[in-house]
């Protein structure tokens, strides 16, 4: 977030705040009463940027995935809800501002220099850049695995995570269709990497590993920004319903096929990027062609006379 503000302050925000809160009215080229280090200005800037950024990423990549990857025949599945796409979009867009408010303290701590993010690659060298990327992915994967799995505990599930499982056969538009607290809690492993040890220890989430991690893993700030954005995109892509199976990468990567099975069977494939945590803790279920929800969708389409036995569209004569 500090990278974004450093870019946008001289480009747009300085002029915007000078217009809204001029230090001296009726003078040419006024400055703002709130300088760049003003905490109120930083709070407003962060909230505006996270709202615009999260919404733009969601709408752009969900649309790409929905129109170019998602198999629209899945919308005929018996468990696909009436007006589901509209509901998914509405749920996602309504959750984003609340998730942004909840994550505000961590972004604010980062902007105000309370993080372990560093500026130059030369500060720690290229080898650490690679190592920190691997550690970041591994840490987030195990953190989200256990947060996600705990959210499926009966005492928690119905209050926080159930809204996301309303979509048995999700589309990419369901990627952010969370209860806001659900989205926030699952984002904590990403945020914790950038917090200083003191700030991390004060966090409410009772996961000691998050506090320990920041003692050993500084991260280059541009790398963090890229990985953080990539995580949001990945969250969308794993909801595309693609049940490709038999590829050697499925042994290691928590693919859209794995996440499709999670939505269908609830207690499998809790991981975010990789399958190792599910495999080790006994919750892994490998994708199989027979488990593809498209089979049930095609049954409905055949009954309606929309496709033949091979799943090919039936062309009706003109005028019918």
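Yeah, the Cβs are placed from backbone N, Cα and C, and that goes for glycine too.
When the ranges 22-42, 64-84, 127-147, 148-168 are checked against Swiss-Prot, the one recorded as transmembrane segment is 127-147.
Of the given residue ranges 203-223, 224-244, 245-265, Swiss-Prot assigns the label transmembrane segment to 224-244. Swiss-Prot tags one of the stretches 43-63, 169-189 as transmembrane segment, and that stretch is 43-63. Long-range contacts of the transmembrane segment (43-63) within the same chain: residues 1, 4-5, 8, 13, 92-93, 96-97, 99-101, 103-104, 107-108, 111, 172-173, 175-176, 229, 232-233, 236-237, each at least 6 residues beyond the stretch ends and with a Cβ under 8 Å from a Cβ of the stretch.
Residues 3-4, 54, 57-58, 61-62, 65-66, 69-71, 74, 117, 133, 136-137, 140, 169-176, 190, 193-194, 254-260, 272-273, 287, 289, 291-294 of the same chain lie 6+ residues outside the transmembrane segment (224-244) yet bring a C-beta within less than 8 angstroms of a C-beta in it.
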